Amino acid sequence: MSQNERFDNNDSDSLILSFNGDANHEFQEINENLGIVRDVIRNLVPLGAIKVAEGIVIEPVVDYVFESCKRNPNMVFVTLYYARGLQEIDHHEGDSVGPALRDMRKKRIECSELLARELVHKFNDQDLLFTKVLTKRYAFSQYDEISNRKNALDLATRLYSEMGNCGAIFLSDNEVQACVYALWSGHLVPRISRTFPILAVIDYYIPNHNLNFLENFKNLELLNIPRNQYLLDVFSYIMFLIIYTMVAANYNEIRELNGFLEGSMYLLVFSFILNDIRTLQKHGIKEFLYFRRILSLILHVILATDFALRIKHVTSFDHSIPQFHRKALSLVPIFLYWRVLLTLEAFQPIGRWLTQISRILKKSMSYYILLALAFIAFFQSFLVLENTHKRHEGDDDHLGDKNEWGIFALLVKGILNAPDFPGASKLENRFGFVLYSVYVFTVSVILFAVLLPLFMTAFATRRSVPEEYLAHFAHIVIRKVKHNQPTRYNYPSPFNLLYFTLVLPISSLSIIIGHNHIRLYANIEKFLTRIIFFIPMIGFALIETHFVNDKQDKEARDLDLRELPGLPFPEDEKQMLRRILYGLNDIKEQHRSLHFRLEAIESQLA
């Protein structure tokens, strides 16, 4: 071995040792900061002393945590990690613990969230706030896999999604929303490491904005921006709604195929199903617990049944099948319009309205459960009464052909405020009338108990709807970012059909040939992707060139302020005091540096 090679090996070994030392020091700092935050929250909220979180997390407490954690950017992540841990403990134990302990944990979660929000305001540098405080992925040991590491925004969205009354305080903050909007618009993009067996995001960075249309058109990374992905989803569902409307309008003759329109409709359905299968494969069954996914599954089942009946009708001469085919197709608009409306939830007016509706429905869900229980109970009562009356009379025709479906229709009329007392009297002249009267009275009381809280909740929660919507918007963005991370390029519906037809066979062929031709496969994939997304890339390049600013000003960062960008936004007292304190700190730092320089000059002169 030569002397130069020996020096190179020694240098590489020293670099590895220094890297391991820095990593171990970082893990040690994170664990120490977690202990500091845990002790502070425990002292603030002891068992049996439940107070308002805003009155507990005051400025001296925030300053103490900020200085005790040595102004390390990981303190926000650590604070939310502690809140997330309390949430996990509360979910696992459930009702096995006392109500006092559960209330204490909820209050500690709220205080941790409020403390994390105030700690965010301590960082004055926007680049540091975006790349280190909110989006940097931290770990507590070197054994944590890179693909499983979380950042502060991930933890906050998990708090919001699994406990609806938590997470909104942190996610609706102006500075946090600035980072969320940067992720949404592509001002902050992930740096993906492709050296691992599984593609993983290692950190985020702020790219340079390009005003050249041709350069933006060549940049395929625009396909991974959540805003552009969302626009493609909206376009696909609106196109599906238009095509379905045209197919339904031209359905004069059932035996005539609608040619291109009907084929396009079924191709879109097939692309949606492929997209759901891919989502299930990558993210598991938990991704399908959202209401929009449930609506999509119902739509796919109905349209798949419609397609099967259509094929059976084309290949047979049975005239009863087209009737079932049209019945299945008639159910589609009931779910399709709601699905399209839920797709538009990122637009602020529609999103706020949907947030208000969902919150009202969640609070009134107990009344609907009570109404369903009353319906089932009275259905069984009338069923028993019918069977008893049959045995007593010995004549089935005396009941007026009153079967299970007739009882069901009778009870539905009671819910719709159109009671059928003569029909109830046919079951049993006196007792049937009395039982049906009790049912109508019970249903009326429940419905009044539902409607009044609905309107009361609508007026009471109007002020908190913007904060709830901002938290929901952050949840949408982070979920979209997570979906985009493990892949090189994303192919939403209906472009995924071209992916499975053109790109995937080449990928399988490259695996068979070997890893020596990975660069060739990547170039072929880029070429095919440019062909597939030729028209969308023109639109995205125009947006990046003409409608995106290089720097995010306050109006572009705050979703609420973008509605009225011309009005001046007054600062509150806390913001003014915070700005004054930051200015004083800068002056102190300048005086300190000047003092050090004077001491150095005096020492040199001496």
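The first residue you see is number 1, and the count goes up from there.
Using N, Cα and C of the backbone, Cβ positions are placed for all residues, glycine too.
Looking at 326-344, 497-515, the stretch flagged in TrEMBL as transmembrane segment turns out to be 497-515. Using a Cβ-Cβ cut-off under 8 Å and counting only residues 6 or more beyond its ends in the same chain, the transmembrane segment (257-277) has close neighbours at 236, 239-240, 243-244, 246-247, 250-251, 288, 293, 296-297, 299-300, 303-304, 307, 314, 492-497, 500. When the domain 'YVC1 N-terminal linker helical' (97-191) is classified with DSSP, helix, strand and coil residues number 61 helix, 5 strand, 29 coil.
Over the domain 'YVC1 N-terminal linker helical' (97-191) the predicted model carries a mean pLDDT of 81.
The list of residues near the transmembrane segment (289-308) in space but at least 6 beyond its ends in sequence, with Cβ under 8 angstroms from a Cβ of it, reads 266, 269, 272-273, 276, 325, 328-329, 331-332, 335-336, 338-339, 342-343.
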